[in-house]
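First the structure, in the form of structure tokens, and then the observations on it.
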């Protein structure tokens, strides 16, 4: 009965998927108001935790990306340095000849 009520709220919103609001509305309708406030608080805590985890993942990914870019730049600079040294050696050999 509880799920049917929550499903009706979703259908009124022209959705096929239940969300937290549907469940909370169904609980209020079925006179379970005393559970609604603690569930809302728990839901907010959960959402904040998930948001924090998501942001931490993004920061970690950004850090990894920047480290990869730094390594690529260092490798490019090393390659450029090697090329310049080879060119200098070639120039010196040409001068000697």
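Cβ coordinates are placed from backbone N, Cα and C, and glycine is handled just like the others.
TrEMBL labels come from automatic prediction, so no person has curated them.
Taken from TrEMBL, the feature compositional bias 'Basic and acidic residues' applies to 43-74. A Cβ distance under 8 Å defines the sequence-distant neighbours of the compositional bias 'Basic and acidic residues' (43-74), meaning residues of its chain 6+ beyond its ends; these are 20.
Annotation source TrEMBL lists compositional bias 'Acidic residues' at 75-97.
Among the features that TrEMBL reports, region 'Disordered' is placed at 43-97.
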Helix, strand, coil: count each for the residues of the compositional bias 'Basic and acidic residues' (43-74), based on DSSP. 32 helix, 0 strand, 0 coil
